Every structure is written in structure tokens, then in C-alpha cells.
Amino acid sequence: MAYIIDGKRISGEIKDEVKERVERLKAQGREIRLAVVQVGSDPASTVYVGNKKKACDYVGICSLAYELPEETTEDELLALVEKLNEDDSVNGILVQLPLPVHIREDKIIETISPKKDVDGFHPQSVGALSIGREGFVSCTPAGIIELLKRSGIEIAGKECVVVGRSNIVGKPMSMLLLRENGTVTVCHSKTKNLKEVTKRADILVAAIGKPRFITEEYVKPGACVIDVGIHRNENNKLCGDVDFERVESVAGAITPVPGGVGPMTISMLMYNCLWAVEREYK
Ligand code: GUN
């Protein structure tokens with residue numbers, strides 16, 4: 001049976017560490033303020049935004065909610081982002097994705113000041129990561145690195161296979177594993193003989209977006225399996241991209257859904273907000 005990586009516990013530890021550092025900043029008269037922008041009322045986004053606000057309250061970061069109607073134009077949203085860029089009392093800006101189809105996400109992401117890009121989605125942040133410079137790192141992959149490190153799973157020299165190449169998870173994940181000296185392969189929908197590739201992995205990251213896609217046939221015995229997916233199954237229960245019951249019996253370590261990667265994303269967002277302020281002191 002695999003070791004279950006407890007993302008809930010580890011994310012709690014990180015939040016407590018952030019809370020302590022936020023308190024230290026407060027004692028010096030520095031407050032951290034995060035602007036959270038949501039356009040429209042996508043139910044999943046509303047839940048995520050609510051959880052982000054709750055985490056802010058917990059660690060002592062002041063969250064500023066901007067709830068805009070679905071009909072908001074791209075120009076109106078750009079104007080708000082520019083206003084927040086110029087507001088020195090705002091340290092981080094988060095525009096919840098997805099945006100309504102009439103707004104170009106790229107355009108919005110590029111307009112957020114790289115100094116306040118706590119999501120790590122700005123091309124400058126992505127470029128910095130790819131050439132090993134300091135910068136904001138996308139929260140979900142950053143959280144996965146923390147899960148591995150804090151579970152004592154070594155990355156250096158290991159075969160790391162990432163399934164999925166999204167800008168938010170797959171690509172930054174591959175760059176981070178490379179930065180940690182892993183030997184990295186990225187697979188995607190056009191990959192041939194996927195099972196043969198994933199079976200080589202010591203660390204397998206599943207970010208495919210298909211419920212329970214990864215079964216035991218994709219996994220090398222003893223491998224560490226990280227599940228980024230979140231879906232509802234036929235009984236309305238949460239499940240991931242990994243078929244947990246089947247993979248648990250062959251893997252060496254595995255993240256559950258819920259309670260694995262999910263809680264880490266928000267903790268790393270809190271960490272990024274803290275870093276937005278701490279970096280100014282360096
Ligand atoms: N939508 C899904 N995940 C994310 C995220 O990490 N950040 C933002 N801004 N939107 C998202």
C-alpha cells in the first residue's frame with residue numbers, strides 16, 4: 001500500500017509559516033493586501049475565490065474583493081487592473097480564470113504588473129522560471145514541489161513524467177522539476193505509447209483533465225504519483241485524474257483527491273502574496 005501524501009496537513013503547515021511571517025511584517029507596520037477579481041458568477045470560480053478569501057483571513061492578509069458582472073468589457077477590466085497596478089497599497093493582483101469568452105485572458109494576464117503577479121502567469125514570470133531567475137511561480141506546481149520536499153521524496157536524478165502541458169500546471173511543473181535536477185519528460189494528447197513513458201516515471205504528475213485516467217498499468221511499482229485533477233464521479237463524489245483505488249496498490253506514494261494537491265494551491269498563493277512584500281526588503 002502506498003504512503004498517502006497529506007496535502008491538507010502540509011498546506012496547513014505552510015499557512016502557519018506564512019501567518020507567522022505576516023505577523024512579523026505587521027509588527028513593522030506593513031500590511032499585505034491582495035486584490036481578488038472575479039468576473040461573472042461561474043460556480044466553481046465562486047468556490048475557489050471564497051476559499052482564497054478564507055485563507056487570506058487565516059494568515060492575516062487583507063483581501064479586497066472585486067466582483068464584476070458577466071457583461072464587463074475587456075476595456076473595463078483592463079482599466080481596473082491598471083488602477084490596481086498603480087495603487088501602492090495593493091501588493092498582489094489575482095484575476096480568477098476562466099474569464100467570459102468576450103475577454104482575452106492573455107491580454108489581462110499581460111497587463112497585471114509582474115511585481116504583483118501572485119498567480120505567476122505573466123510572461124515575465126514564466127520566462128524568469130524557465131531561465132532560473134527569481135520570480136513568482138504558478139501556485140499549483142509550486143505546491144507540488146513543496147509536497148514532494150516535505151514528504152522526503154528526492155527529485156534530483158529521478159525520472160519525472162508530467163502528463164499535460166497547460167500553461168498553468170504542466171509547463172511550469174516541468175520547469176520546476178528540471179530546476180530541482182529531475183530528468184523530465186512532458187506527455188500530452190499526441191504522445192505515442194503513453195503507458196510506456198509513464199511506466200518509466202519515479203515521479204508521475206497527472207494533469208490531464210480526465211477522471212481516473214491513470215490506472216495501475218501506467219505506474220511503475222513504487223513510484224510517487226501526484227494527482228492534479230479534480231472531478232465529480234457518477235455518484236457526485238470528488239475524484240482525480242488518477243484511479244486512486246487501483247494505483248494505490250502499486251505506487252510507493254500517492255496524493256489523494258480531495259486533500260492532496262488542491263489545498264496546496266491556496267497555501268502557495270498565500271506564500272506568493274507574502275513574497276510580493278518581503279522581496280521589496282531584499
Ligand atoms: N482558475 C483555476 N485555477 C486558477 C488559479 O490558480 N488562478 C486563477 N487566477 N484562476 C484559476
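Cβ atoms are placed via backbone N, Cα and C, with glycine included.
TrEMBL has this to say about the protein:
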type	residues	note
DOMAIN	5-119	domain 'Tetrahydrofolate dehydrogenase/cyclohydrolase catalytic'
DOMAIN	138-279	domain 'Tetrahydrofolate dehydrogenase/cyclohydrolase NAD(P)-binding'
BINDING	G164, R165, S166, I230	NADP(+) binding site
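Here the features listed in TrEMBL are painted onto the structure.
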residue : record               : contacts (Cβ under 8 Å, 6+ apart)
G164    : NADP(+) binding site : G170, C187, H188, V205, A206, A207, I208, G209, V228
R165    : NADP(+) binding site : K171, S174, V186, H188
S166    : NADP(+) binding site : A207
I230    : NADP(+) binding site : L238, G240, V257, P258, G262
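The NADP(+)-binding residues named in the record, G164, R165, S166, I230, extend over a maximum Cα to Cα distance of 17 Å.
As a summary of secondary structure, the domain 'Tetrahydrofolate dehydrogenase/cyclohydrolase NAD(P)-binding' (138-279) carries 54 helix, 26 strand, 62 coil according to DSSP. Here the domain 'Tetrahydrofolate dehydrogenase/cyclohydrolase catalytic' (5-119) has, by DSSP, the following mix of helix, strand and coil residues: 61 helix, 18 strand, 36 coil.
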